[in-house]
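Asks: First, the structure itself, so that you have it in front of you.
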Amino acid sequence: LQLKTGDLDPRLFSRLRHLQKLDLSDNLLDKFPNSLTLPDLRVLNCNNNQLEDVTALKQFPLLEELTYENNVYLTLNDDYKVMFLLENLRLLNGKDITKLANHVRHVNSRKLTSKVTAHWEKFFRDQLPEKHTAEQVKSIRKKFLKSVQTNVVYGPSSLSEFTRWRVKMIAEEFLSYSLGLELNSDTEPEEKAEENEEESTESPREAAEDVAQVGDFSSYINNVLSVTVTPSKRKRNHSKSGGGNKRSKSQANTEEEAEDVSAEPLHFLQCHSKGNSREDFKTQLWSCVFEPVLDSGARKDPIVSSSRTVATCGGESVCLIDCETGTVLKKYKVATEEFFSVAWTTLTMVISDSRKKAHNILAAAGRRGIVKLIHVAADFCYGEIKAHKKPIATVCFSPTQETHLFTASYDKRIALWDIGIPDCDYNFKASQLLVLEAASIPLRIALVPTCPEQYLLAGCEDGCFAWNIKLDKGEKSRPFEAIFQFPDDESMTTSHRVDGLAFLNDDVVVSKSSKPGCIYLWSWSRSFDTKGKGCQRTMSAVILAELEWSTTDMSYLTLSTCPAKGYVFCGDEKGSVWMYNLSSYTAAWGSPKGKRSERRISPAQILQWPELHMNGEQPPEILVNNVVSDPAFTYLVVLTSVNITAIWKKS
């Protein structure tokens, strides 16, 4: 009947006091209104809808049979929620769940309750003074609820969302009944917030064919990658060629201790193996990017302020990983592909009931020159764009135009595409808007933050270039507008491989050159002359500072930035991650008379690769191809040349 949620009128349904069986299959329902009542309902069929949440079903306490197959957003976690909420439920999607439901309601609840209680006793009991104020109660309640949901773990990782949901429930009951820690003044806003959280949570749905593989494989990982952690961090190695570092040793230590950030290794995953082989320590991992947090939508996590879900690519697969639990939420494979790059965008899509909703879309590309477009929440690769005839090195979306995607290829071109917005049947139309001609292969691209619709910067095999990408300029194919020259021993040169490129803030560019041990920070606004005319002009990069890095001449070990925290990250040829805290420098660089830092800036910290044993042996040479933090710098994801994704957490 094409019924939408608004068509279920509570005023009508609440009068159906004796209705026992209701069939709502093959409609467009995304949730149940909370006040349908139906006190005698025993059988409910919701197959083939668009349900995103099951918690409203608790209003039907006598329900015995429930089916909701083919609702793409519902997961195993939702099955467990209804088993807990509906005490009389016998059949779920045609299966007898009586025994399992008893386990969920009793054994599972008992275990979680004891873990929640133990967490309070161990970490929080002593924090609450005997005579406490309402403010103290409010503060400790908030801290405890956040901590307990993050740290209490039980059962398989595929049920982590259900476990967090139950832990929160149990923790709130524990606080109010056992300890009397209720915040009466706060109840209303808190309840509202919870309701929003429930409505906005879409849990990860694992494609059926991959569940067993990922489950089996995860348990294998836990066995084979036994980790012996040597000290998880070390100060700057003073024996390295420091190049112009004139500080005394005591000064250096004092400054570094002030900047020190403690990070601990959380997980080591081998999830990109070719054919799921346990012996694959050769697949190179290239790109990772954290999923944007939706205001209301897929995998918004109330526990963390920014997303903890990261997409990684390498070999024939793209993986979606929960950084906190180390769970591989999804895996997408193309047997003939080698993926080099992934990028996220958020599209406002119109579902079949004409309701607009934001959804995260992942673009993945690589050796075949094809861009795959994946609607992650629906487990669906809905389309592809044959973008180039040669491999695609990197892709990125415009921060201001959600459908605009840049693809940089080994054909020495960077193309701008409008990927369109898919309709309810996933029909979409992609079109090419621009082609930027490069003099050599583009390796890294970055849009200028202050004018992302006007200028694009690219690090290429033979230099660093800028293009005017304004769409009202007319010509569709464009040469570069500027090439930047950098210091080279005694002179300046334009000819060098730039394999790392990112903006630290609106103006400061961080670029890594093939010159050994060389990472430059330079000013975009002071280097790029907007007044000059003509194309292919040479401009000198106005250098603000140089970062001390490894002396290796190995290429393609790229860098990244965390603008919100003022950090730069870069891996090296020994599995280490160099972390630079530049927050104290940026204000000076931004002033009109900002001067160059005379000496190389040392890393605040170098995270060393822990001692890992795989099949009883330590892996051979480990290169860190890429290292990326989430926007809040809670997690650090390290991609290696030996098919291992390492996840560190700031402690």
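Keep in mind that glycine also has a Cβ here, set from the backbone N, Cα and C atoms.
Annotations for this protein, taken from TrEMBL, read as follows:
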DOMAIN    2-170  domain 'Leucine-rich repeat and WD repeat-containing protein 1 LRR'
REGION    185-209  region 'Disordered'
COMPBIAS  185-201  compositional bias 'Acidic residues'
REGION    231-263  region 'Disordered'
DOMAIN    262-650  domain 'Leucine-rich repeat and WD repeat-containing protein 1 WD'
REPEAT    385-419  repeat 'WD'
Asks: Same chain, outside the repeat 'WD' (385-419) by at least 6, Cβ under 8 Å from its Cβ: which residues?
Replies: 287, 340-348, 363, 365-371, 373, 428, 430-447, 449, 452-453, 456, 458, 467, 469
Asks: Kindly state the mean pLDDT of the repeat 'WD' (385-419) in the predicted structure.
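Replies: The average pLDDT of the model in the repeat 'WD' (385-419) works out to 97.
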Asks: Do you know the DSSP helix, strand and coil residue counts for the repeat 'WD' (385-419)?
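Replies: Across the repeat 'WD' (385-419), DSSP assigns the residues as follows: 0 helix, 20 strand, 15 coil.
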